[in-house]
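A.B. asks: Found this in TrEMBL, in case it helps:
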type	residues	note
REPEAT	A:100-135	repeat 'WD'
REPEAT	A:142-174	repeat 'WD'
REPEAT	A:180-227	repeat 'WD'
REPEAT	A:228-268	repeat 'WD'
REPEAT	A:370-411	repeat 'WD'
REPEAT	A:412-453	repeat 'WD'
REPEAT	A:455-488	repeat 'WD'
């Protein structure tokens, strides 16, 4: 098909829509459905060393041709492929709607519940606070911890909330307020079991600690199921993957993969991934987002697609519905991934300034070693659809990478201090980053290289960041003891 | 061995010697030496018995001392929460670049407490004109005396060029020009060598300010961009005030304190 070179993405989109309409004209329903879907376009080019790459067209064909004019000849036919994007659109956050004081020390962690209805924060004043998302007012202050609350995590079905502190204590807040000395030293990470595994019980949580061990807990029976020991140094990050594996990254430069699937032996070490030359700081999974939000999916309006009535008497039925929804969502997510990407992908960032891309479910060898950062990498997050991942580093930059091949895409510069955290909007079109320079910055993905907006206002380093799963708001927690809520 | 209580009886009847107190004190003081002499000399079964008895005595002594110490012992406070909370990803990273971190909260508190123009050296001795300037004779026979040479350290901008001799009333000698200052951050207790951007205020006279003369107590502006200070809006702060704390013309360098 001949297309003028000055055609933009919108033109291409209209073309795809009309083509798809032609294909199934008889089916009225699918017609309507396909019309709203936005697409992204990729051009196949061959690099000089013979590697075939797919490069995303961000603006118009002409711009693309100009940028790659020494690689793409204007004489040959350019092959374009299209991929569907999220229908659901998140509006960029630009202004601060609320500043919530309350904590009397630095805020170390903020997290939205998977349905986006609750916000929880943990601070250096040893309290866990719950906030009302709609009115931006405090709801509850929980003072059970005896030390700085380092991590917080909601279970994917939203039933439980866990927080862990520097003294190694784990507290599951709802419905049983039970304090447990979980570890000898401070807890570095928490991860809930994804809801679509283990028949939707979703009651297991794993904690990682500086003492070099991981523990799996059953929060319903309040038991420690197993201790995973094998690392020789502090464990810095833990993830519970969608395929039923546990991943732990440690300061001893290794990542270990453990079984946690139903029917398997719990906590058997499968393989050790070696490659990093220095302590590993963070892990990110392509399935992170879908596992975190479990059954909750959001319609374009930002309202939940399915509503699970919490007051219903038949708790089992609700739980079953949630399980069904989570399984369907996870399956849909897998189907949407392309080719090799069907496998779960893991990215690890380290103090040796590099990132590694792994296929941890099947291979021991890394897929790719990603270089470019000039300081330790502190945080990585996959976009919700798994197409990109962003890495935040102490070198004041955020780098954007292709989620499938690990190819470098863009450096986002603008921060004047170390970048601590990044968070994606749920449609994968925006990214926010929190930095030591007391600001957060909003970036449009993939077109923007400079920040779309700066979110100033904090008086000190921004430690914690989270984007609500329904896309409506961003919460930042800072050393200046306030939480700020940002909205469109 | 004494028979009956004859010692007490005698004491009751006749009292004690005048120097009794002193003698008992001395006797007691000599006791340790005596004991030590004995324990070094003794051998055989007597030594064993003596050692055992002494061991028991020492044990009780240790116990009593520990009991007395109980009152003043300091205990680890389990309930105390450490100051300065940092997230899990920054734990164990102290000392990497923490030295440059500025606590804005502390800064704000200081601001509220102190007046706006409080400076480290509040009172400055005024410098008289005849100390500041040396008359320079000019003219063919050296009888004109309208030129002045500045005798203190000065700062001239980057693009400064001297004026034509006919119009140059004040001469700032190039040997006394300074471009960099040693700036101490009062909270971080660290010193950096920073570029001078300009002279803001010389308290002695407005003329000195215009000439860029730096004497003790002068407020100068320094380039702090390499310290990584940030304003709340996220912009890098690059010009900050500092006050000169030494006499630069005597020391050959400019030392100053950052005003935060």
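Using N, Cα and C of the backbone, Cβ positions are placed for all residues, glycine too.
Each of the listed features needs to be described in terms of its position in the shown structure.
C.D. replies: If you average pLDDT over the repeat 'WD' (A:100-135) in this model, you get 87.
Same-chain neighbours of the repeat 'WD' (A:142-174): 105, 108-115, 117-118, 120-124, 126-130, 180-192, 194-195, 200, 202-203, 205, 207, 209, 211, 217, 219, 222, 291-296, 319, 322, 326, counting only residues six or more beyond its ends whose CB sits under 8 Å from a CB of the stretch.
Within the repeat 'WD' (A:228-268), the DSSP-based counts of helix, strand and coil residues read 0 helix, 20 strand, 21 coil.
Listed by sequence, the residues of this chain that lie at least six past the ends of the repeat 'WD' (A:370-411) yet keep a Cβ under 8 A from its Cβ atoms are 53, 56, 83, 85-86, 278, 281-290, 333, 336-341, 345, 347-351, 353-357, 417-424, 426-428, 431, 433, 435, 443, 445-446, 449.
Per-class residue totals from DSSP over the repeat 'WD' (A:412-453), listed helix then strand then coil: 0 helix, 19 strand, 23 coil.
DSSP places the residues of the repeat 'WD' (A:455-488) in helix, strand and coil in these numbers: 0 helix, 18 strand, 16 coil.
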A.B. asks: When you scan the chain for residues with a C-beta under 8 Å from the repeat 'WD' (A:100-135), skipping those not six or more beyond its ends, what do you find?
C.D. replies: 141-154, 156-158, 161, 163, 165, 171, 173, 292-296, 298, 304, 460, 463-473, 475-485
